[in-house]
Ligand code: NAD
Ligand code: IPM
Ligand code: MN
């Protein structure tokens with residue numbers, strides 16, 4: 001009986017996680033679920049955005065399903081010392097799990113081109129996998145400070161950090177079209193010079209079957225929306241990957257269609273890429289598709305159950321055709337969309 005730790009978190013996190021758990025229960029009745037606190041709600045309840053009880057629960061977890069963390073701009077959480085803020089809880093969780101590679105697929109399913117703001121001929125057939133480095137760079141480097149009118153952060157990478165995430169990208173590309181684009185800013189940054197050198201050396205040493213090219217991040221920001229079909233796998237550092245993946249959400253049509261899987265040393269972490277959406281939280285209208293598709297990634301990557309993952313993804317595509325949510329210009333609320341997914345899986349709707 002695989003144990004799934006669920007961490008619903010803040011804002012729309014509980015709403016979309018509940019939908020994902022409902023779908024998981026239908027497709028994999030043997031799973032057990034254990035819910036724990038993370039983020040701002042964990043700080044309010046336990047004085048810590050990543051409480052010890054949550055940390056302890058990870059020890060024998062087979063996979064972790066996360067909702068979202070964080071509050072609105074005026075939230076008191078944003079005035080806490082940085083380590084106590086909701087987002088720091090999430091970063092500590094990623095670190096505790098050793099999840100250094102964050103896989104963020106960007107896909108336009110056949111028949112869903114109309115949900116994209118791009119011209120149908122640009123959106124059709126898009127299938128990109130962004131592999132974002134998740135445990136390094138400016139996010140984690142301890143050489144950081146704000147002091148009076150001066151502040152700095154440090155973007156630092158080591159060769160082993162670059163190689164392990166690049167291996168993940170090459171491995172993913174081997175099961176796809178065999179093309180990897182490494183994204184950096186090597187025309188300006190030393191850290192990108194190292195990144196580019198190490199990714200190329202690894203390819204030349206161990207992945208001669210992969211076609212690798214290097215592009216600058218500013219150029220990719222333009223090309224990923226104007227000519228998305230040029231990309232298969234993209235591999236990039238933490239901050240660039242964060243920004244490019246929200247940008248790429250424009251291609252399928254919404255942040256609500258962007259799932260992710262974070263893989264590394266131990267149990268995987270599965271979470272939508274969107275945030276807590278304070279503007280719509282508590283209204284029951286959030287698009288749960290990204291959370292449900294993250295649950296599918298949990299089945300595929302975390303539990304090696306590809307058939308069940310495919311079943312969920314097919315059902316989500318059908319539901320998006322029948323009952324699009326408001327972020328996609330439709331009318332469905334969270335409940336209606338989730339029911340449509342359950343129905344599309346051949347499950348009687350209660
Ligand atoms: P956001 O992703 O929460 O919202 C951006 C916009 O997209 C909003 O208009 C929101 O309503 C919409 N949106 C997002 N997900 C949606 C969904 N599933 N269905 C329908 N609409 C959706 O980004 P933000 O407003 O910049 O950040 C809000 C908070 O979330 C901040 O505290 C931020 O730090 C946090 N955040 C958390 C995560 C995470 O937990 N992984 C990710 C990003 C941001
Ligand atoms: C994401 C989020 C997080 C990140 C924040 C909330 C720490 O934006 O998962 O994309 O920057 O990694
Ligand atoms: Mn982000």
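Every residue, even glycine, has its Cβ placed from backbone N, Cα and C.
Bear in mind that TrEMBL entries carry predicted annotations, made automatically and left uncurated.
As recorded in TrEMBL:
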DOMAIN    3-341  domain 'Isopropylmalate dehydrogenase-like'
BINDING   94, 104, 132, 218  substrate binding site
SITE      139  site 'Important for catalysis'
SITE      185  site 'Important for catalysis'
BINDING   218, 242, 246  Mg(2+) binding site
BINDING   275, 276, 277, 278, 279, 280, 281, 282, 283, 284, 285, 286, 287  NAD(+) binding site
- Query: Listed recorded positions are 139, 246, 277, 283, 287; which sit with C-beta under 6 angstroms of ligand 2?
  - Reply: none
- Query: Rounded to the nearest angstrom, how far is the Cα of residue 94 (substrate binding site) from the Cα of residue 275 (NAD(+) binding site)?
  - Reply: 16
- Just the number: how many Å between the Cα atoms of residue 246 (Mg(2+) binding site) and residue 283 (NAD(+) binding site)? 23
- By a 10 Å Cβ neighbour count, the lowest-scoring of the recorded positions 132, 185 is 185
- Whole-number Å value for how far residue 218 (substrate binding site) lies from residue 277 (NAD(+) binding site) (Cα to Cα): 27
- Message: Return only the integer: C-alpha distance in Å from residue 279 (NAD(+) binding site) to residue 104 (substrate binding site).
- Response: 24
- Most isolated by CB count within 10 A, of the binding-site residues 242, 246, 279, is 279
- CB < 6 Å to ligand 1, subset of binding-site residues 242, 246, 275, 277, 287, seq order -> 275, 277, 287
- Message: Between the Cα atoms of residue 132 (substrate binding site) and residue 185 (site 'Important for catalysis'), what distance do you get, rounded to the nearest Å?
- Response: 15
- Once DSSP output is merged into helix, strand and coil, residue 104 (substrate binding site) belongs to strand
- Message: For a Cβ distance below 6 Å to any atom of ligand 3, name the recorded positions from 104, 185, 242 that qualify, or say none.
- Response: 242
- Query: Would you say which of the binding-site residues 277, 281, 285 has the most Cβ atoms within 10 Å of its own Cβ?
  - Reply: 277
